[in-house]
Structures are given as structure tokens and as C-alpha cells.
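Reviewing the structure listed below.
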């Protein structure tokens, strides 16, 4: 027999190792916030989609919530305008909102296409579909920054309808206000609100960082696992860097509202989603409730 | 009693008059191709949406397929390009296709929003969702005009899933080829292919004409009802004007593939959909099979 | 185009005006107590049936409870007996009860026939079917008046079975006692008991009066809307005329047991049901709970 | 132990003997045409109802179709008219039809009451309910005999709806014509048409005869089992007496249209239904198809 | 007619007498602990199976839990070992457990075969299937007696799955411990635990005694009906013989945990199950709750 | 981060490689004939069970059919008898059959236990349950060899019931004859008959050989893939060794009756099932239909 049986056997062992994880998350909803480098690099992108497709096929119910930040800016410029930000929030006037909605929906459908190509049924929706994401206008330090919204109500009916019929929902973070206008929503916030509304088992943020550091200047201080209480203490300590701050608040919020585990993953590592879910060595930082069982050694 | 009973009674009679039509189309699928002036004029737009919402509420299953022609051109120009057409077909290179997809999805979600505001559940999808519209590249007189496709396969699963859960599907005519690329589809063609795939009872085109004229220079020669055979004779006669020609071919195709009646309506008349469906006086031209029962007097 | 478009457009607008009401009562149960002139006049009868059929077709779940008073007396006489009443209640000996049951069932099936002719599935039942209406013997001021009963238990199973399979239940007010004998029930009482048992949204009495008057001698004092508290005060005031008294008590009882709104309609106005439900001008008098939102101006 | 065990044991054996029959007809539909003496004698009546209730409880699906002949005549007379018959068919003018409908519906509901009292859910319907029995006018030797109809279409939807929800349908033989008028139907004919429409396993006629005799003057010539061919030969022989002739034709018709076995039972024998179904000795005459397996010895 | 009608009529009356009992237990679960003489005598065995099959066919949901005591000992000996008992409990070392499991499963499948032969679908399972019976090791007066277990958790999922698909579950009392090893369970205990877990209406023990005696030396002191309080008093009195003691404790436990009635039947009487359920004279002793209605005269 | 990312990444890639196979067999039935060394070696046994559990968890529907040959012989001896074989078939007298049934059921439940321990629901049945395997007596060259049967009818109802409720069926090859007696069935034959009856996608035999050799004396002549025609030719050639002959006939039979692919696997290779299904290098020999697409290079 010309086959290298040893090598093949190692593969079989890998599949067997995945058994307890497949069982653990069977029929569970996993919300993946997809953004950053993993969305720009074509190779990483393909791997993320492969990961999500695998999760779907082995019995999980993944939901993708994606952003589109860089491409929006590029189209704003292409249309002869200049992107503006206040406190890290995009100032979103009427024409900017129009472009944001167009770009996000285009990105949305291109992800749907990639998933379909791998043989899994997907459907791309925005927060307008089924009246899913209702927002209230967000102010930035009291200042009007246009059509930027905070989710204040989620109607998950369209998501459940798609899941029931075995479609993988791909969601772009556009909502609508009581003025019936479209609003841009921060994708992290949208993912968090959706995870809460559908009682997700897991919420995973694909980021451009390695995770949460005890001291963000010390690359050896990465934290594997944090309870919400520890996370709060850390935030109070003031050592948490800029972009991580709202993300960590989102994590705490999600865990305190029913999501079992929230993960801040390094989206620059290929297959980081699979690594997180199917191996007993976490990548990035997990945030969990006070009484959750700790999985890994933490170095906090 | 201060109410003007007589006026109210007339209203009640109007509702009662609608009874046989409501019964006739109960649980039936009606595909509405929405485009032209009815999409530009805000007042007409609102009325079309109201009509579709009413159809939904009284027990029909409407599906909207919409175009977005003029707005695509305007965005192509805004991006510094010049719209090009060959034989009435948009030459669709890569950047044009990108814009087309963005614009169509934006229009799509804005229609969803309007329907949701009237209290009916809607979901906007493109032909990529659920792998619904598969196309093959279309040539124009042998010439390559880019990402323009002819529908060669419809997978209606996502449509049925949405209808089953009581969502009104709003569809934009983007498909995908065997090269996994997005393709622009003529909205009339998409509506026709979808109507066939879901066994629609009716297919209604909202156009900018009054209907089919026996002699398109004689405004008194409007035809109320045409069998497919009569339509074929008319096409052979050479008196059918340019834009109407492909539309009429679409109508014949739909009727010969299971759609009971196809309507070419004047979208510039407010509530033309309701008028067509709920009154015994048709507006525009109906195309029907050889052995269908004629409803109106025709002046052919 | 020879059609009078303007007139047709007005019709379309009437349909559109009905939209919010259709939405409001979608899938809701509406019990209609049908009796009086609306049952004698053939023209009015047809219109009531049309109204109920329309309600059914646009998504409501109407239930008809009917009487048959005048025809019972006429058959009692035809059989050589003399109808007798004590305090407005028919003295119902064995032969009278037999005739009452025969007449009510005949009326019942004739209503079923009319509804079926309009294309809606109907099924006529009495309180014996499925053991629906159990009664205890009613005394009139302590006096035995025969087989006259007060509903003391409703088993709505047969009603729900019919509604589930899309049949319109038409109910005649015959019940059975613990002695297994048939009993005559006042149709108003039966309608009220049934509306409570099925958690009806609305209960509408078709009567031969214009509604409740503040002062029944002053035709200008019609009351559009009454809370149960106001109704109680009115009853205490002693200005409420004879026939209206038990009806108003029934209304209060229904509202206090879960029915949202009870209507006393003038059955002599054609299409009074549609007018009540589909226009924003009520006809007759509505009785509602203390904390219900008032719809119309009342002149109390 | 004071119980007479031997006697009790015999009872247990009787139950055990019923086993194969219970299995044979499990979930099968049995249409019982109920009429004649078994409807007049209160003791026999109670036993028929007990039989039907037992059939229901051990897993069969019985349907009762009943007549009401004698009581109709008595009420016709009570109303001051004289019952008229032509060739054994009641001449049914408008007032007679009205009385017939009233009487049949009264009988119908009294049977429902008896079944309910024994703890089984029942619902009484006529051929008007759910548009079940459509008729065409019947002529008697070319002569108009009024509202007498032959069933020409059965819509069994209401029957299936009731069976599905575990109600026992009790049916009176009133139909409606294309003129929307009520028509009287011969109960044997109605039972036969219904048995065919619902694909009954068995159709049993409760009659006032012992069964079919080879020679109706020879009481020893009772036939236990007849194939349709034998029945035809018998009919051709001219030895079949008056009332049995149409009944036998009905039997042949039923068997040739899908009913497995038709039984002509002697309704004057108490529990004749149970005897027929649960013992291996038939009572009366069974009519069956050419290739059916014979159960009993026949003396033909 | 050559049939002896009178005899047949008596049979029909027996069936009619069963009516109220069939209604009473329709769709109810009845757990039958099957063991003792009724399992050894082939004639009695056949009758027990017939009884259970009849119960199934008339709408009950019987479950059989069986033992196999004597046959286990015989196979232990055949394998060259000597059966050992401590305080009436079998000392169950590894090889004995292996034999016990083999024998019980063989008995199990032979019962399944007998039921299938009578035309009822059956499936034989042990407490290992679906992880149904989890046990903890049982000590006998502190002494280790091997693989003997007390049920400490029942997962009834496999039972409900079989019942839902109309299979009759036949269960042998093998469980598994936290050490994943097979354990022998006393069949009475297993039946009791299962009856509690599936909310059985009845639990019947087929025993080799006539029932519970007030004084076990006085054969005239058989008790027909006992409340749990009375049973407790009796146990305290010390007049209850050896084998009956744990059985009575099981009965009290079952009644106090939701089973309506528990029966100790004399399995040596043929058809004792049918006699108990279908006649108004109980055989053996019934144990019931404090507030249950007494059925028979008790001689306590 | 102390994790060896590279190694983990390789694991992720293995999972991703499994994607197309998971999709290909999603919701498909795979019958595994389990026997030989893989059943004796505890380590191999654990790996087979792990493989089957993984198949179940990633969405397949595996069914195990197992033998128990060696253990039966050992128990026959333990009971003081001598195992006898004629032409490779066990002579199965009454006491041998009893032992065979006991042993097979014990093995059956021990497999169930192992599967349950890995967190998957399993239920062990024999061909008696639900009347699944009906046999006719098998003769060996005309000679009576006792209770040995050939399957002549499969009733798969119990299998489908278990699959529907998500149980993994574990089946031992005991059937019953028209004489209601238990019969021993060759496990290969039983697996083949079951695979045909449930329309299995795959049937895999775990054997103690490497597969089919072109020349069974030349270990380099292993055949990876055989069409049924090629297999027939090979059989005719006479180069196929003893034990492989009936197996190959079984394979041909299965493929010609609807099973897509049959595999003869080397059960001595750990995880041979996973290797076969999840890698693109087959192990053992696959038999497939004439027009099936070949997967591997064959060296025929």
C-alpha cells in the first residue's frame, strides 16, 4: 500500500481530538465579529470563511457580523469627499451614510458568495431586514456626528428564520432610527447586541491584536482568560490601550447578558477560529463570567 | 350621529367589491417587477409600496424584483467614469459592476425599510443569497460587454424560506457566474426567471408606457388583453416599438412556462397594481395563455 | 383608455385606508352576535354575511353566534301552541324546546350556506357539539320557565379545531344541562360566554338600536365610547332602557373578562361591521376597559 | 377472594378474542348508516351509540350517517300538511324541505348529545357544512318531486378536519344544489357517497331486515356473503324484494368504488355492529369484491 | 340464522362493559413489572403478553419491565459456578454479572418476539440504551456484594422515543455505574424508578402472592385497597411477610412520586392484568394516595 | 504566547481538509459491519467507536452491525459443548442458538455503553426488535445445520425511528423465522441486507485483510477500486481466496441494490474508517457501480 499510513493516522487523531469540542458546541450559536486584517488579506479571508463553513458543517450555528471600515473611507474619497473622524467615530453625513451602506452591502454579498462557493447556504442581511437593528442617535462627547447609532433594540426574528432553514446569516451593521433613516453602527457593538439577542454560546472578535495584555507595553503579559471582575479591575487600572477599551467593555456587557464566553482573537493568525474552538490551547484572550470554569492557565 | 354615513357606506362597498379578487389570489405568489418612473417619483414610490403591503396583508404572497438603472449611471459618473451602452445593454467592466452591485443593494434595503415602516416583515436579497441566480455571460451581438449575465438557473430555496416565515422578499438582479464573479442581470429578465421558478400566479411589470399598442403611433390602439399567439403575431408584424420588444418576449416566455397572467402596467398611474388586481377594469395590457379565459374586451 | 381612472383611484385609496385596521386585527378572533332586523331583512342579511366573509379573507377569525327569536314563535304557532313569555324570557316547555332547537339549527345551516356560497369554508354547530355549552337551569324571579339555561361552562375545543382548519364557526345558542337535556340560551349571553372562552379581541352585537344613549329619550345623546366604570354609573343612574340593560351588563362582563372591546352596533345600517372596523369613525357604542385608549370623541 | 373469578375470566377471554379484529381495523374509517327500528326503539338506540363509541375508543374512525324518515312525516302532519310519496320518494316542496331540514338537524344533535354523554367528542354536521354534499335534482320517472337530490360531488374536507381532531362526525343527509337551495338526500345514498369519498374500509347499513335472501319468501335462504358479481346475478334474477333493491345497488356501487366490505345488518338485533365486527360469525349479509377473501360459509 | 345470538350478545355486553375503563386510561402509561410464575408457566406467559397487547391496541401505553431470576441461577450453574445470595440479594461478581446480562437480554428479546407475533410493534432495551438507568453501587448491610446497583437517575428519552413511534418498550433491569460498568438491578426497583420517571398512571407488579394480607397467616384477610398511610401503619405493625416488605415500600414510593395507583397482582391468575383494569372487581391489592377515590370495598 | 502555533495550524488544516468529505456525506447513512480483530483488540475497539462517534457528530448517520463469532464459541465450550462448523457455517442447534443470542446481545449492549460514554445516544437492537430481520432457514450444501438463516425480508421501521430521534442503532444479527424461532445470521449478510433496506450511502466491512488482491499470493497486487463488473470477472478468475469470496459477492449485491460504495477495510489499521472517509487516499478496496466516478488509481 503506497499510502503513508503514519501521516494519515496523525490526521485521524486530529479529527478525534476535535470530538469533545464538536459535542460541546453542537447546535450552539457562535457570533463571529469579522473585521480588520483578516478582511483585507485575501489568504486570511479565505481561511476565516473556511473556518466558519467547517463550524456550520459540524453542527454549530455560526453568524457573521462584519465591518468594512477601510473600504468605506476609500469610496468616500473616490466620491470626492474627505473622511472625517471625531474621537475615533466616523462623522457620517447623508452622502457618507449612503456610501457606507453601499459599501457594507457589497462586502456583505461578497462574503455570502464565498460561503456559497464552499457549499454552505448563506444569506446576507442588514439591520434593516426584518427590522432587526433599531438604533438611537449616538453623540460623541455631546457632539452631533450624523447618522451614527447605538443599537437600542434587536428583533432577531429574521436571524432565527434563516437559522431554522439552515442558512448562515451574514450581517452588516446598518440600523434604522425612529426617523426611519439608515444609521451606521460600530460592528463590535452590533455583534455584541446580536449575540445577546440570540443567546449566543460564544462571541468571537477577530482583531488585529494578540489579545489583552496585562501591561500593553509588555508583549509577555498576554492574558489567556479573564473573568468579568478581573476585566473591570484591569479597565480601572488604566493600563488598557485605546482600541481595546470599548472592545473589553463590549465583552463584559455580552458575558453579563447571557453569552457564555467572549473571545478576543488575533485575526492575523490563520484559522484562529478553529484553533480557539478545537484545540485545548486558546489563542488570544477569553472573557467569561465569575463562576465559569477556567480552561487554560492564565498568567494574570 | 355626526358621521357622514353615505360616504362611509361607499367605502364599505369598495371593500366588498374586492372580495372575489381577494379570494381568487389568496396564498398566490405575485411577482412585481418594479422600476421606471414609479421608482423615481417619491409619491408614486410610496403608493407602489402601499399596494404591495396591502396585497401581503390580504393574503397574497408578493415578491418585488427591482432595478436601479438611472442611479447606477449617476454613481458611475460620480466615480469619474462614463456610462457606456451597446445595443441598450450597459457595458459592465469590473469597476462598473462594483458600483452596480453597491447601488442595487442600497436601493434594495431602502425598499425593505419602507415596507417595514408599514408594518410588514421584509427581507432584501440579491441573486447571490442562497445561490439563487446563476448566470452565464451574455454577449451583445457577439461582442463582450463585461459582467452582464443571462439567468440560466434559479434556486428558489431562499425565497420559499422567506415566504414560509411570512417575510416579503425584495430582490435585486445580481447573479453569479461559474467564475464565482458577480454579474448584472436585466431586471425584467430576472423577474421573469424568478416568476417561472416559483410558479407565480401573476407577474406584473411596472413600466413607463400605457401598455402594448396595436400601432405604437396610434394612442387609441391600446390592447387590453393578448394571448401569446396574438403577441407572437404582433411581434412578427413589426409594429412593436423598441423597449417593448424584449418585454413582450419575456411575457410570452413567462406565460408559456407556467405563470397564469403577465401584466404590463403603467407605473405612472398611482396604485396601478391595486387597480389591476382589485377592479374589473384592467389597466395596461395582460398577456395570457391560449386557453385562458378573457377578462376584458380587447380591441385587437 | 376608457376607464374612469379617477373613480377607480378613489377605490384604491379606500383599500389603502383599510391597511392599518387589517394589520391591527390580523389573526384576531371577532365574535359577532347576529340577530334582530339584520336577520330578517334579506338585503341586510346579505351585507352582514359579506362583511363577515371579508373579515375572514383579510385575515381575521370571525365567529358568528346567532339567534332566531321571531321564527321560533312563528313555528310554535304553526304547531298549534301559543308562545309564552315571563319577564321577557320565553317559557320553554318540552315541545317548545324541540321546536326552538329545530328552528335554530335550520337558521344555522342557512347561514352556513350563504357563507359557503361566497367561497369561505363554514361549519354550523350548536352548544351540544363537542360538549361546548354546558348550562344550569335559569329561573325567572324564582319561577320555573322550563328549558332555559345560563351558560356555566364553555369547552371551546370544537371552535379551535374549526378555526385551525380555517372554517368559520357559525353557532346557535343551544346548550345542555347536567340532566343531558337541551336548553335554550339567550344568544347575547351565549356570544358573551364564547367571546370570553376564546379570548376574543372584539365582541360585536348587531342590534336594532343606534347604541347607548346618555338619555334614551334624547336622540342626540348617543355615546360613542364608554369605559366599564362609566357604563356602571350609567346603569346605576336608571336612564338605560329595558332591552339595553342586560346587553350592557353583558358588555361589562365581557370586557372585564378579557375581551378588548365590545361594540353595540346598529344592525339596521348596512355594512355596519365594516364601518366599525375599517373606518376611524365608530358607529354605535363601544365599551372598553378603564385603561384602554379612547379612539373617538365621546359626548358623555 | 369473594370475586367469581371464573365468570370474570370468561370476560377477559372475550376481550382477548376481540384482539385480531381491533388490529385489523385500527385507524380505519367505518361509515355507519343509521336508521330504521334502531332509531325508534330507545333501547336499541342506546346500544347502537354504545357500539359506535366503543369502535371509536379502540382505535377505529366511525362516521354516522343517519336518516329521520318517520319523524319528518310526523312533523309534516303536525304543520297541517299531508306527506306525499311518488315511487317511494318523498315529494319535497318548499315547506316540506324546511321541515325535513329542521327535523334532521334536531335528530343529528340529539345523537351528538348521546355520544358526548358517553365521553367521546362528536360534532353534528349536514351536507351544507364545508360545502360537503353537492347534489343535482332527482327526477322520479321523469316527474318533478321537488327538493330531492342525488349526490354528484362530495367535498370531504370538513370530515377529515373533524377526524383529525378526534371528533366523531355525525352527518344528516341534507345537500345543496347549484341553485344554492337545500335538498333532501336518501340517507343510504348519502352514506354510500361519503364512504366512497373518504375511502372507508367498511360501510354498514342498519336495516329492518335480516339481510339478503336468496329467495325472499324463504326465511332459510339468508346469504352471509355475496360478491358483487353474485349480487348482480341475484338482482337480474328478480327475486330481490322492493326495499332491498336500491340498497343492494348501493352496496355494489360502494364496493366497486373502493370500500372493502359493505354490510347489510339487522338493526333490530342489539349490538349488531359489534357482533359483525368483533365475532367471527357475521350477522346479516356482507357484499365484497370479486377477489376478496371470503370470511364465512355462504349458502348461495 | 345459525349463530347462537344469545351467546354472542353476552360477548358484546362484555366489550361494552369495558368502555369506561378504556376511556379512563386512554393514552396513559401503564408500567407492568413482569416476573415470577407468570414468566415460567408458558400458558400464563402467553396470557400476560395477550393482555399487554390488548392494552396497547385499545389505546393505552404499556411498558414491560421484566426480571429473569431463576434462569440466571440456572446459567450460573451451567457455567460451573454456584449462585450466592446475601440477605436475598445475589452476590454478583464479574462472571456472574456477565451471565446475568446475557440471560436478561435473551429473555428480553424473547418477550419482544412474542409481542411482535401478536402484531404489535415492540423494542427490547436495557438500562444501558440511551443511558437510561444510572446506578450507584448497593451495599448489603455494609457488605460488598458486587455489581448490584440502586437506580439513582433515569433518563427516559429512549422510552419516550419508542412510545412516540408506537413501539412497546420491553425493558430489562441492567444499569450502568459511574465506573461505566454494568450493574444488576432488582426488577421491582427498576419498574418503580421507571414508572416515576415517565409519570405512569399505573404500576402493576405481577407476583406469586394473592396480594397484601392484613395478617399473612390468615388467608381471609386480603386487603383490596390501601392508602399509603395505611400501608405505612401496616409495615410498622410487623405483620407483613418477607418478600412483600420491599415491594410495599416500592409501592409507597411510587405513589408518593406521582404514580396514581400501584397494584400488587396475583400473576398466577390468568389475565390478571385485564381483570384488574377492565372489571370493577379488583384482584390483588391496590396502593393509592391519601386523597384518591376508593374503588372497592376494603376489609382493612 | 507559549503555544506551538505551527503544530496547531497543521491540525486546523487537517480539519479544513475534511470539509468536502463532511459535506459529501452529510445526513447520509453509513452501515459499518464491525467484526474481526477490531473487536478483539481493546485499543482498536476504542478507535472504531471513536470513529463512529465522530461520524455521527459531524452529521452522518452511522449504523453498526456487529458479529461476535469467537466469543460465541468460547461460551459454547464453557457450557460443556463443542462448537461445530460445516463449510464454515456454525451448526446451530437449540442450545447453541440460545448461547449465540445471549452472547450477541451482551456484545451489543457493551458497544452501546462505549458509545454512550463518548456522549452520543445509542440503542442496541436485534433483528427481533420491531420485527426487523425475517429469515428463511439456510441449508449448507443441502444439509440441515440448525437455526442458521438467510435474511429474506427487512422491516427498517425501528431503525428509522431511532435515527429520527438521533439515536445511533447498534444491531446484532439475530433474526426470526416464520416458525417464530430465533435464527443466527451471518453478520456480513445482515449488514448487507440492512444497508440495502435503508438505502445506505456506504457500507464498510471491517475485516482482517488488507483488501482484495488481484492475486492473493502477491501482496503487491492490492486493488483500490473495483467496479461490480471487474469484481465479477475476478471471481470468475478463481484467484479470490476463501473468506473473501462471499464478502465480495455481498459487496456486488449491495452495490447492485442501491448502496453507492461498499468498502472492504483493514480493521487492523487504527481509525481505518476515518482514513477511508476523510482522506483522499483510500485504504482497502472499494466496490462501486459501473458508472460511478473512480476516486483513486487502481492497479487492476
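Glycine is treated like the rest: Cβ placed from N, Cα and C.
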Do you know which of F:26, F:155, F:184 TrEMBL groups with F:68, F:69, F:90 in the substrate site?
F:184
Applying the rule Cβ within 8 Å of the centroid of the Cβ atoms of F:68, F:69, F:90, F:184, what extra residues of the same chain belong around the substrate site?
F:67, F:72, F:73, F:100, F:103, F:104, F:187
Could you say whether, by DSSP, residue F:184 (substrate binding site) belongs to a helix, a strand or a coil region?
strand
Rounded to the nearest angstrom, how far is the Cα of residue F:33 (site 'Transition state stabilizer') from the Cα of residue F:247 (site 'Transition state stabilizer')?
11
Candidate with sparsest Cβ neighbourhood (10 Å radius) among F:68, F:69, the listed binding-site residues:
F:69
What does DSSP say about residue F:68 (substrate binding site): helix, strand or coil?
coil
Residues near residue F:90 (substrate binding site) in space but at least six apart in sequence (CB under 8 A):
F:69, F:72, F:83, F:84, F:96, F:100, F:145, F:148, F:184
Does DSSP put residue F:90 (substrate binding site) in a helix, in a strand, or in coil?
strand
Predicted model, mean pLDDT over the domain 'Aspartate/glutamate/uridylate kinase' (F:28-266):
93
Can you tell which of F:33, F:184, F:247 has the most other C-beta atoms within 10 Å, given these are the recorded positions?
F:33
Structural state of residue F:33 (site 'Transition state stabilizer'), classified by DSSP into three states:
strand
How big is the gap, in Å, between the Cα of residue F:33 (site 'Transition state stabilizer') and that of residue F:68 (substrate binding site), rounded to a whole number?
11
